[in-house]
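Taking it in order: structure first as structure tokens, then the write-up.
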Amino acid sequence: MEPRGYSTSKNKPYWATVVQLGMLIMATNIAADSLQALEQSLGSAYAWTSWSNWGPCSRTCGGGVAVQERECLPRIQRADCPGVSRRYHECNTSPCSVGEELQDMRSEQCAAYDGRPFHGRFYSWVPYVDGNVPCMLNCRPVGQQFYASLGIVTDGTPCTKPGYRAICVKGVCKFADSNQYDLGSFKKRAYNFLKARNTSAFPG
């Protein structure tokens, strides 16, 4: 004797099996149609504007960053556009003149605070590089044992990523390439994959 509540096909009416099979086929067709409709609707759910012209370079020499932007125009409320809305490329990479090279970028940015009061006192500031936040402008007063975080560094300021040349963009340390490119904080395998395909465009 079978346990109560247990059912097998041998005691199930034939018509019930046919009905169940028909319902399964109908559900499968509905699911397939819904998926197809969803995929078709995605193409009309959003649109991008054209890319803007490249903005001005953040530096006149020694390597700066220019920005290009576009806008997402969702046709359905709260629909997100795939892709990136902002991309970057390095610009004005020619070496600075001898006079301009006397101060590196961080020294120059820290020195800009020399004439400003800090907690009621005036200091001469020099860079203090914190590897955990490489794109933060940390400066130390000369002769003092403390440092202050005075904002993010200027776009194009070199930062540290082991094995790569990198620069800061909007407060984030990003990989750099010697060609024209978009900067992206990719993992090493993604970077190597794109390089293998001989592309010079990287999403930011």
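Glycine is treated like the rest: Cβ placed from N, Cα and C.
The feature disulfide bond is assigned by TrEMBL to C57-C91, C61-C96, C72-C81.
Within the set of disulfide-bonded residues C72, C81, C91, the entry lying nearest in space to C61 (disulfide bond) is C91 (CA atoms). Here the Cα atom of C91 (disulfide bond) is found 26 Å from that of C72 (disulfide bond). Counting only the Cα atoms, the space from C57 (disulfide bond) to C72 (disulfide bond) is about 24 angstrom. For C96 (disulfide bond), applying a Cβ distance below 8 Å and a minimum sequence separation of six or more within one chain yields C61, G62.
The Cβ of C72 (disulfide bond) has 14 other Cβ atoms within 10 Å, all protein chains considered. A simple way to gauge crowding: the CB of C81 (disulfide bond) has 16 other CB atoms within 10 angstroms, across all the protein chains here.
Taking all protein chains in view, 14 other C-beta atoms sit within 10 angstroms of the C-beta of C61 (disulfide bond). Other C-beta atoms found within 10 angstroms of the C-beta of C91 (disulfide bond) number 19, with every protein chain shown included.
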